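Marked as disulfide bond by Swiss-Prot: C290-C351, C448-C483, C583-C590. As annotated by Swiss-Prot, O-linked glycosylation site applies to T78, S83, S84, with the evidence given as experimental evidence. Marked as N-linked glycosylation site by Swiss-Prot: N318, N353, N387, N428, N500, N525. Taken from Swiss-Prot, the feature signal peptide covers 1-18. The annotation site 'Important determinant of glycosidic bond specificity' is assigned in Swiss-Prot to V306 on the grounds of similarity to another entry. As annotated by Swiss-Prot, site 'Essential for chitooligosaccharide substrate binding' applies to E307, W482, with the evidence given as similarity to another entry. Annotated site 'Not glycosylated' per Swiss-Prot: N525, in sequence order.
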Amino acid sequence: MRISQICTVLSTVTSAVAVGVNPLPAPREISWGSSGPKSIAGELQLRTDSDSADGIVADAWNRAWETIVALRWVPAATEAPISSFEPFPTPTAGASKKSKRASNSLQYVNVQVKDIEADLQHGVDESYTLDVEEDSDTITINAETVWGALHAFTTLQQLVISDGHGGLIIEEPVNIKDSPLYPYRGIMLDTGRNFVSLPKIFEQLEGMSLSKLNVLHWHIDDAQSWPIWVDVYPEMVKDAYSPHEIYSRNDVRNIVNYARARGIRVIPEIDMPSHSSSGWKQVDPEMVTCTDSWWSNDDWPLHTAVEPNPGQLDIIYNKTYEVVGNVYKELSDIFPDHWFHVGGDEIQPNCFNFSTHVTKWFAEDPSRTYHDLAQYWVDHAVPIFQNYSQERRLVMWEDIALSADNAHDVPKNIVMQSWNNGLEYISNLTARGYDVIVSSSDFLYLDCGHGGFVTNDPRYNVMANPDANTPNFNYGGNGGSWCAPYKTWQRIYDYDFTLNLTETQAKHIIGATAPLWGEQVDDINVSSMFWPRAAALAELVWSGNRDANGNKRTTEMTQRILNFREYLVANGVQAQALVPKYCLQHPHACDLYRNQAAIQ
């Protein structure tokens, strides 16, 4: 059996009348009644006897209710059939509405959670049901865990809207049965290239919570800077950009706690052995190599890094593993998640030419290759990482298993994050039995299409198109962005990443992450670079991109994501505009094709 599309959404949407709300991500099953609006009493009171010891449910409800009351949300972009246009006018039938009797006002939110002790770890049950009945004064939420209850609240926030007269309503009785397609749904934040402040990190977590993303992959450091304090080697933060651009232990705890309160796991990444210069060299300069080399775009065959600045851990130097082990243990102690990302991407062989330890190791046995060197890292570093605890699960970039100089044997219990060659590498990794996080750069890299950041680049100094018939650097080419073009929300949403996988292979896909590499990102633009495009991924991995008949629902998604962008902004997330406001107010008037089934 072959899976021809990303798991067809099991979503069922039934409605006897039109409603304005259009929650994102779309629930798996939602059924609307037709008896008329359910008004909200002065305050919806939470009733539950099943909360966690630290009050996760109560705190989340308080935040949700405060948001509902403060916003008194009016949907900014509602769904409607495409309008009639000249020269093909269509008569408009007179509309009529039957009168509807008033129903009981809603006064309570009753929440029942089966397992209040379930920890926020990979695979935890996030399902919930939400029911608003015609003759009831209670919104009923049932969830297997508190984390499912939190998702119910974020759905409810989008269902309760202004009645236009100062009150609040839910437009019709509604029944929702919801759960995610994939357990791993994330974005990646890079704070190694540019520092991102705590308030801005919190802002991303708000967007994630509203869209039901549940993993913040935190790429903490890179060759350019080491921004996190570690007690064991306090000198490492000498390579932070400034004393004000350091994450303290308390900062990390605040980020983790803020995320957990919203059902979001924080998975740290320390990229090793490549992308490693800052921080490490302060502990022992001998444990890093090629840090003082020119990265060498001038003579690419000799390059020591794919971008400035170079630096890698010395794989053969014994003390490397002592220092790495100490840093890893300390960071593992302050991040409660069972998963830890240990990098493994873009190892540059030329960098090791600057290491006397590595060159001597090669000289001792001329049959040795860079594959053997990568395997040396796996054999010596991975046991240190895995032995932290029985629950520990490692994540690595695919390069360690698939690059030109990959290791021979990478344990199958390591999760591979796939970023190159799209469907080809996904198929390769899953066929070999690896669990895979999809981060294909052709679809999910959010920094793509913004040009290059390296300066002194003569390629831009061209005043006329040198070849009008062939795309080139400044004329139809990538303009310095290696992964151009820009990934629009439609590009992200349309990604069928299980295409042509067998059923067995498809089971190895645990989810997806949209990375935002930080070379051109800081506090000023981080939110607009993530949002609302990350919301397209959120729906893709929550309920899919197809309807119950297997048809792509990108056209249907349009008004939903346009409305959600406005909702993000109303909640303090500085999401980028996607279209002229005219398009929000005129459903599908900005479609490329009048044919509403143009996308298959």
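Each residue's number is its place along the chain shown, starting with 1.
A Cβ is built for glycine as well, from the same backbone N, Cα and C atoms used for every other residue.
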*Output the one of C290, V306, C483, C583 that, of all these recorded positions, has the highest number of other Cβ atoms within 10 Å of its Cβ.*
C290
*Please tell me which one of the recorded positions listed here (T78, C290, E307, N500, N525) sits closest to W482 (site 'Essential for chitooligosaccharide substrate binding'), measuring Cα to Cα?*
E307
*Number of Cβ atoms other than its own within 10 Å, given for N318 (N-linked glycosylation site)*: 10
_Distance check, please: Cα of N525 (N-linked glycosylation site) against Cα of C590 (disulfide bond), rounded to an integer number of angstrom._
26
*Measuring C-alpha to C-alpha, could you say which of the recorded positions E307, C351, C590 are within 10 Å of T78 (O-linked glycosylation site)?*
none
*For N318 (N-linked glycosylation site), what is the secondary structure by DSSP, using just helix, strand and coil?*
helix
*Please work out which residue of C351, C448, C590 has the most C-beta neighbours within 10 angstroms of its C-beta, and give that one of the disulfide-bonded residues.*
C351
*What is the one among the glycosylation sites T78, N353, N387 whose Cβ has the most other Cβ atoms less than or equal to 10 Å away?*
T78
*Considering the glycosylation sites N428, N500, N525, which residue's Cβ sits among the greatest number of other Cβ atoms within 10 Å?*
N428
*asked:* Quick check for you: of the recorded positions S83, C290, E307, N387, C583, which have their Cα within 10 Å of the Cα of N353 (N-linked glycosylation site)?
replied: C290
_Residue among recorded positions S83, N318, N428, C583 with Cα closest to the Cα of N387 (N-linked glycosylation site)_ = N318
_C583 (disulfide bond) versus N318 (N-linked glycosylation site) - Cα distance in angstrom_ = 61
*Rounded to the nearest Å, what's the C-alpha distance separating C448 (disulfide bond) and E307 (site 'Essential for chitooligosaccharide substrate binding')? Just drop the number here, would you?*
15
*What count of other C-beta atoms do you get within 10 angstroms of the C-beta of E307 (site 'Essential for chitooligosaccharide substrate binding'), across all chains shown?*
20
_Close in space, distant in sequence - S83 (O-linked glycosylation site), Cβ under 8 Å, 6 or more apart_ = H586, P587, H588, A589
